[in-house]
Every structure is written in structure tokens, then in C-alpha cells.
């Protein structure tokens with residue numbers, strides 16, 4: 001296991017867990033999360049984006065200068081489609097055409113990737129190829145939804161969040177590549193061994209992706225007329241599909257998509273489960289902020305809804 005890479009994902013997961021716990025602690029104090037001085041204000045500004053930005057209290061001018069439009073989320077998926085598409089092509093060529101990866105990629109893999117020895121390299125190689133394909137398809141779908149489905153308001157994100165998002169998908173795809181043992185880089189075998197966990201993982205991926213798309217369409221339709229014309233940029237209470245159980249079902253679906261990739265990798269890849277743990281805490285924090293926004297803005301908001309995971313959280 002690439003210990004350094006796993007440690008980095010574990011540290012990132014711990015950071016978002018700490019941010020979630022700190023936010024919940026601040027929210028219980030008198031005045032909620034809007035007070036506490038410069039440090040508290042900066043913290044709230046870094047964890048909030050879009051409609052939840054105003055929940056952190058009045059933002060000083062110097063913080064407002066460090067923001068970019070939320071619609072720039074689209075850039076994340078452009079980067080992901082390009083970079084992870086490149087990795088997918090390279091890994092496909094190494095698997096089926098006997099090509100070697102570029103020298104710089106092999107050097108990075110030697111530093112951070114899997115060890116030379118592996119008892120089941122064919123299965124691991126094919127699993128990584130499938131996960132890269134699923135990741136690319138996910139990014140392509142999200143890009144298409146950003147361009148054709150979503151209706152962005154004038155919401156903003158912090159420039160740090162923007163830079164983090166750009167780098168995230170580069171590191172994510174590279175993490176998948178580094179799960180492949182290096183001794184299959186030079187065309188050693190080209191068999192395609194399909195296992196039960198590949199089938200299960202893909203089924204869960206399709207199920208979660210369909211629900212995520214439905215929920216994003218529901219959110220988009222709140223701002224459109226029946227003819228499809230955008231008529232409002234305000235926020236409304238969404239209903240339908242998984243919105244009947246949680247405030248942010250698209251975040252829950254995102255978690256399930258990453259779980260499906262962990263299944264596709266064979267369920268025993270520790271590094272990817274740490275990625276899933278990061279996604280869990282990252283999406284949980286965003287869901288809590290969104291849930292608080294809905295509860296504050298709408299007095300008639302359904303009280304039975306959880307924030308993130310149905311019946312649990």
C-alpha cells in the first residue's frame with residue numbers, strides 16, 4: 001500500500017472531520033457560527049459556499065475579495081475529464097496494447113505507488129481501469145449537468161476552495177493509477193478478468209448516479225418554468241426522490257458513488273477507503289450547512305428530514 005498517499009488522504013479526512021465538529025461546536029454557542037472574531041470568520045468562510053455563505057455572518061471586505069463565482073465549479077469537471085481521460089487512455093494502452101507509461105509517470109509511481117510484488121496483478125489492473133472509467137464518466141456527467149442542467153445563482157466560493165477543487169480531481173485520478181502494481185506496466189498479460197465485485201460496484205454506481213441526476217434535475221426545475229425557461233434564482237424547498245428523506249441527497253449519492261468504486265477495487269483497498277472517508281466527512285459538512293440553511297430560511301421545512309444520510313445523520 002502506498003503509505004504516504006494513504007496518510008495524505010487520512011489527514012485530509014481528519015481535517016474535514018475536525019471542521020465538522022468545530023462547526024457544530026460553534027453553532028451551539030450563543031450567536032451561532034457568525035461570531036468569534038477574525039479566526040472564526042475565516043474558518044466559516046472557508047467551509048461555506050454558495051447559498052450557505054451568508055450563514056457565517058457579515059463577511060468583511062477582504063474576505064469578499066477572495067471569492068470567485070460558484071458556477072466555476074464547472075472548471076473542476078473540465079480538469080477531471082481531461083486529466084483522468086488521459087490517465088484512462090494511458091492505463092488502457094498499458095493493459096491491452098503492451099505500451100509503457102511515460103517515464104515521468106513511472107518515476108512518480110515508483111515513489112508513491114504499489115510495490116513490485118503482487119499475486120493478482122491482472123485483476124488489480126483491470127479494477128483500476130474500471131474505476132478510472134467510472135471516475136471519467138462521473139466527471140463527464142457532472143460537467144454536462146453543470147453546462148446543461150444546473151441553474152447557478154450569484155453564489156460564490158472562496159478562492160482556496162476553488163484551487164483545492166482543481167487539484168482534487170488530479171490527485172484523485174492519480175490515486176487510482178497508483179493502486180496498480182508497477183510490474184504490469186510493460187504489457188505483462190492482457191487478460192480481462194471480471195469478478196463479482198466489478199459487477200456489484202458498477203450496479204451501485206449506476207443506481208447512485210441515476211438518483212444524483214434526478215435530484216439535480218429537481219433542484220434545477222425549482223428555478224424553471226414548465227417550458228424550461230429560468231424564471232427565478234431564489235431558493236425553494238425541494239421535494240421528490242431522495243429529497244423526501246434528506247436535505248442533500250445529491251451529496252449522499254456522491255458518497256455512494258465513491259463507495260461503488262471501493263467495491264469495484266475489490267473492497268480491500270485501504271487507500272481508496274480513506275478516500276471514501278474523506279468524501280464522507282467533506283459531504284457531511286456541506287450537507288449540515290445546507291440543512292441549517294433550509295431550516296433557517298423556511299419555517300415550514302419538513303422536520304423529519306435528515307441532513308445527509310437517510311434515518312441516520
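Glycine is no exception: its Cβ is also placed from the backbone N, Cα and C atoms.
Note that TrEMBL annotation is computational and uncurated.
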Quick test of your reading of TrEMBL: among 30-50, 51-71, 72-92, where does it put transmembrane segment?
72-92
Any idea which of 245-269, 270-294 is down as transmembrane segment in TrEMBL?
270-294
Tell me which of 126-142, 194-210, 211-227 corresponds to the transmembrane segment entry in TrEMBL.
194-210
